[in-house]
Amino acid sequence: MRAGHETETSIMRPQYPGDDIRPTSKKELAGWYSYGWAAEVFTVCAMGSFLPITLEQMARDRGVLFSDKVTPCSATLNGPSRMSIQARWTLSSRYDAGRPTVANQCVVYIFGVEINTASFAMYTFSVSVFIQAILIISMSGAADHGSHRKLLLMAFAVIGSVSTMLFLGVVPKIYMVGAVIAIIANTCFGASFVLLNSFLPLLVRHHPSVLRSAREPRPALDDSRAQEGHSDTTNGIEHGIESNVTSPLLHARQGNGENAEADMHPATHITVSQELKVSTRISSFGIGIGYIGAIILQIVCILVVIATNQTTYSLRLVLFLIGLWWFIFSIPAALWLRSRPGPPLATTHHGKHTRSWIGYMAYSWKSLYRTAVRTRHLKDILLFLAAWLLLSDGIATVSGTAVLFAKTQLNMQPAALGLINVIAMVAGVLGAFSWGSFSRVFNLSASQTIIACILLFELVPLYGLLGFIPAIKSLGFLGLQQPWEMFPLGIVYGLVMGGLSSYCRSFFGELIPPGNEAAFYALYAITDKGSSIFGPTIVGIITDRYGEIRPAFVFLAILIFLPLPLMLLVDVERGKRDALALAAELQPSGAQTYGTLPTNEDRAPPSEL
């Protein structure tokens, strides 16, 4: 086995000082999977279920009724943190005779401004996403260059997990501290996952099977075999639940010029196909194991909430468990994941390395600017990114809005809200596998499948708007008037998410100029992360204006519909032609030979994040 590793290593030579060319080991892969198992629970169990309702409930415990602005929302001799949430909802229901209206809505005053308790949670998420986007851009240079990647990953993991555990000590009296902790935890989670995904191309490139394929004889492929390999890869992506991968999967060897990917071994159809197969397999398994862990912990959290009588303390306790899970299962990643240092930054004109944090941050923002300038010449990428910005904002906003709507207007208890999330996750996994079969049966292209997902997604807010129609409202059900209606909508939401996660990223990859995957996927990730600033903020403003969340469904319906005409304008073939033309313009006159280190004079300015 050792001899085999030596042979595989011998076909690669370090490209820069500190370059780790050891083949990817099973233990290293286990470390990478372990962090997905550890951290995925935060986005699914915390952000998707218990964190929004915890923030809302703590604010509610300190708020007053919207109807009279005087009566406390929670009044008890035993203290609000231990009073049963079900009991509090029963008390509030006396104002609305069992029918959800604005009467049981609560407001708090922050710096003299009246804010609905549901809006409080939405504003908190908007702030966290804004900080997260700034942080992701600023740290990308340090993550991709030098030896900081693993250090940053573990630092964000520790800060994020410990912050989540600190919710155990946050009582309603200091609910603003809870908002600050939520912002820190969500920011650290997003940053850590971007860092985790940046390991993926390195694990793939040094995977033993990829190294073996690079060493094997490379016969010329005819068109039919090349097409067959491409088809296999596409099917793998369609069926692989490949979501949230925000780093390049092919030859992202950065730092030795704009097209540093060419510095690797000569690109062939065999090598590219093998790398795509390996990357799809690793990515899919990582996402799958993360969801399995999240489902397990979500069920545990539901049982804990029920066993502790569904109090505010119950919500804080499950957040502590989520943070503890995140912390404990990050330890194998810290032990087994190799640092895999990246290439050093380009030198300055004075010959001094810009390795300070200020230098890394400046490099990151300049790289983003260069990528944005390039995008101006690619009409179809611009159209798709605009559609994706709106669509990803809609995805994130609908999730948070639905949870808060179910709690504040349908009076659903935390255990039931957690169960909805489990159902949505299971439906998402099924959707990721079923959309591929659906598209083949109806002979749909990738863009047409995305459009079908958008149309199905549009049904969610439209169904909520049915509650405004007097004839339906008089029935007492339909139009989200009863708690049970949330469960089928959760299935629809999960199916849509499964389809979009399987298709959007792979569709975007078809439009990227070859050799520039790193920069454009970074732009894709920033569009994804940063878009969620606006939706929750607007929903919060609408809720504050009308005193309830239901009117926000009008905004959500518009937000989900807007990507539809943009996707209809995207021309894949035109996008591919434009991408190839731009790649030809960016192709340097000479590429650095694999295995050699360029001098300062020979090194082209880096352009990728």
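Heads up, the Cβ atoms here are built off N, Cα and C, so glycines get one too.
The transmembrane segment annotation in Swiss-Prot covers 35-55 (among others) and is backed by sequence analysis.
When Cβ-Cβ distances below 8 Å are used as the criterion, the transmembrane segment (117-137) is approached by residues 47, 51-53, 55-56, 59-60, 63, 73, 105-108, 110, 179, 182-183, 186-187, 190-191, 194, 364-365, 368, 396, 400-401, 404-405, 407-408, 525-526, 529-530, 532-534, 536-537, 539-541, 543-544, 549, 609 of the same chain, each at least six residues removed from its ends. Residues or ranges marked as transmembrane segment by Swiss-Prot: 117-137 (among others).
For the transmembrane segment (151-171), same-chain residues at least 6 beyond its ends with a Cβ under 8 Å from one of its own Cβ atoms are 35, 38-39, 42, 46, 54, 58, 81, 139, 142-143, 177-178, 181, 184-185, 187-189, 191-192, 195-196, 316-317, 319-320, 322-324, 326-327, 330, 333-334, 337, 339. Residues or ranges marked as transmembrane segment in Swiss-Prot: 151-171 (among others).
Summarising the annotation, Swiss-Prot assigns transmembrane segment to 176-196 (among others).
Per Swiss-Prot, the feature compositional bias 'Basic and acidic residues' maps to 214-231.
The region 'Disordered' annotation in Swiss-Prot covers 214-240.
What Swiss-Prot records for Asn244 (among others) is N-linked glycosylation site, and it gives sequence analysis as the kind of evidence.
Residues annotated as transmembrane segment in Swiss-Prot: 287-307 (among others). Long-range contacts of the transmembrane segment (287-307) within the same chain: residues 33, 36-41, 43-45, 49-50, 241-244, 314-315, 317-318, 321-322, 325, 329, 414-415, 418-419, 421-422, 425-426, 428-429, each at least 6 residues beyond the stretch ends and with a Cβ under 8 Å from a Cβ of the stretch.
Positions annotated as N-linked glycosylation site by Swiss-Prot, on the basis of sequence analysis: Asn309 (among others). The DSSP secondary structure for Asn309 (N-linked glycosylation site) is coil.
The annotation transmembrane segment is assigned in Swiss-Prot to 317-337 (among others).
Marked as transmembrane segment by Swiss-Prot on the basis of sequence analysis: 381-401 (among others).
Residues or ranges marked as transmembrane segment by Swiss-Prot on the basis of sequence analysis: 415-435 (among others). Within the same chain, residues 44-45, 48-50, 53, 238-241, 243, 288, 291, 294-295, 298-299, 301-302, 305-306, 310, 403, 406-407, 449, 453, 483, 486-487, 490-499, 501-503 sit at least 6 positions outside the transmembrane segment (415-435) and bring their C-beta atoms closer than 8 Å to a C-beta of that stretch.
When secondary structure is read from DSSP and collapsed to three states, Asn443 (N-linked glycosylation site) falls in the coil class. Counting every protein chain shown, the number of other Cβ atoms lying within 10 Å of the Cβ of Asn443 (N-linked glycosylation site) is 7. Annotated N-linked glycosylation site per Swiss-Prot: Asn443 (among others), in sequence order.
Here Swiss-Prot flags 450-470 (among others) as transmembrane segment, drawing on sequence analysis. Long-range contacts of the transmembrane segment (450-470) within its own chain (CB-CB distance under 8 A, at least 6 residues past either end) are made by residues 391, 394, 398, 402, 405, 435, 438, 444, 478-481, 485, 489, 492-493, 495-496, 499-500, 503-504, 507, 550, 553-554, 556-557, 560-561, 563-564, 567-568.
Here the transmembrane segment (477-497) has long-range neighbours at 100, 395, 398-399, 402, 405-406, 410-412, 416, 419-421, 423-428, 430-431, 434, 453, 456-457, 459-460, 463-469, 550, meaning same-chain residues at least 6 beyond its ends whose C-beta is under 8 angstroms from one of its own. If you look up Swiss-Prot, you'll see 477-497 (among others) marked as transmembrane segment.
For 522-542 (among others), the entry in Swiss-Prot reads transmembrane segment, with the evidence type sequence analysis. Residues 115-116, 118-120, 122-123, 125-126, 129-130, 132-133, 136-137, 140, 190, 194, 246-247, 367-368, 371-372, 375, 385, 388-390, 392-394, 396-397, 400-401, 505, 508, 549, 551-552, 555-556, 559, 608-609 of the same chain sit 6 or more residues outside the transmembrane segment (522-542) yet have a Cβ under 8 Å from a Cβ within it.
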- prompt: Are the transmembrane segment (381-401) and the transmembrane segment (317-337) close, by which I mean at least 3 Cβ pairs under 8 Å that are 6+ residues apart in sequence?
  reply: no
Statement: With the cut-off at Cβ under 8 Å and a gap of six or more residues from its ends, the chain residues touching the transmembrane segment (176-196) are 32, 35-36, 39, 42-43, 46-47, 51, 54-55, 58, 110, 120, 124-125, 127-129, 131-132, 135-136, 139-140, 143, 149, 152-153, 156-157, 159-160, 163-164, 166-167, 170, 244, 246-247, 323, 525, 529
Query: What is the Cβ neighbour count of Asn309 (N-linked glycosylation site) at a 10 Å cut-off, with all protein chains included?
result: 14
- line: Asn443 (N-linked glycosylation site) and Asn309 (N-linked glycosylation site), compared by Cα position, are separated in whole Å by 51
